Amino acid sequence: MRKKIVAGNWKMNNDSEQTDALLEDILAKKPEFTNAKIVVAPSFINLQAAVQKTHGTNIIVAAQNMHQSESGAFTGEVSVGMLKSIKVNTVILGHSERRAYFGETNALLAQKVDTALKHNLTIIFCFGEELADRQSSNHFNVVESQLREGLFHISESDWASVVLAYEPVWAIGTGETASPEQAQEMHAFIRTLLRENVGDKIAEETSILYGGSVKPDNAKEIFSKPDVDGGLIGGASLKANDFLGIVAGIE
Ligand code: PEP
């Protein structure tokens, strides 16, 4: 059985008081009654407080990014060791905003993936096509390249530490969601790629999340598709009611 996961990417939102308040709100609503693993990704500066606040609960705290080097003269960056030292063991890599605004390429992401895996972090690896790719029917090629160049080099045993997050860029923060059928079509394609490149077992066991304008009122239908194992949520993860409404979409 694949893990069902709902992860909230808070992006550059919520100061320390707001982080505390949102976590309290989420915890007060008893999210333990779910089959899903729940992940939240606050900003770097609020990670440690979030880890402390969620200690002993079923909420996993993730970072939104990390540097590919273990240490060094990289002003303003955060290393894998720093994350581990505050008990953050999950990291989101390859989010489309990192790719678009911070120039993260597939090759750079391959290095980040290696560093994260070397230190036993779980990776939520994001990828997805832009609108122009879909309009020119190039979306399957783009997704395949992102996976081949950023991820497919890892060893078989490392796949247990990888969660995939398919996020079509045209659906992120736009209110435009991929239809459940479009999501399922791409997720099935990704699972076939996994089957052909890394084997049946890994293909069956790897969770593939969908991200892009998931809301409480569309989550259930998207999550009901056989190859969709949960979601990566941006805007709607900033309100406890909406986020847990989405979690409730997991059967
Ligand atoms: C995201 O940024 O990962 C995302 C899916 O955002 P939103 O849910 O706001 O579209």
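A Cβ is built for glycine as well, from the same backbone N, Cα and C atoms used for every other residue.
Any TrEMBL annotation is an automated prediction that lacks curation.
Fair warning: this is a prediction, and the values are worked out from it, not measured in the lab.
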Same-site residue for substrate (record: TrEMBL; known: N9, W10, K11, S213, G234, G235; options: G56, G72, G173, G249) | G173
How many other Cβ atoms are found within 10 Å of the Cβ atom of K11 (substrate binding site), counting all protein chains shown?
-> 17
Which residues of the same chain, at least 6 positions away in sequence, have a Cβ lying under 8 Å from the Cβ of G234 (substrate binding site)?
-> G8, N9, K11, I172, G173, G211
List nothing but the largest Cα to Cα distance in Å, as a whole number, among the residues N9, W10, K11, G173, S213, G234, G235 that the record says bind substrate.
-> 14
Which listed residue (G173, G235) has most other Cβ within 10 Å, given these are binding-site residues = G235
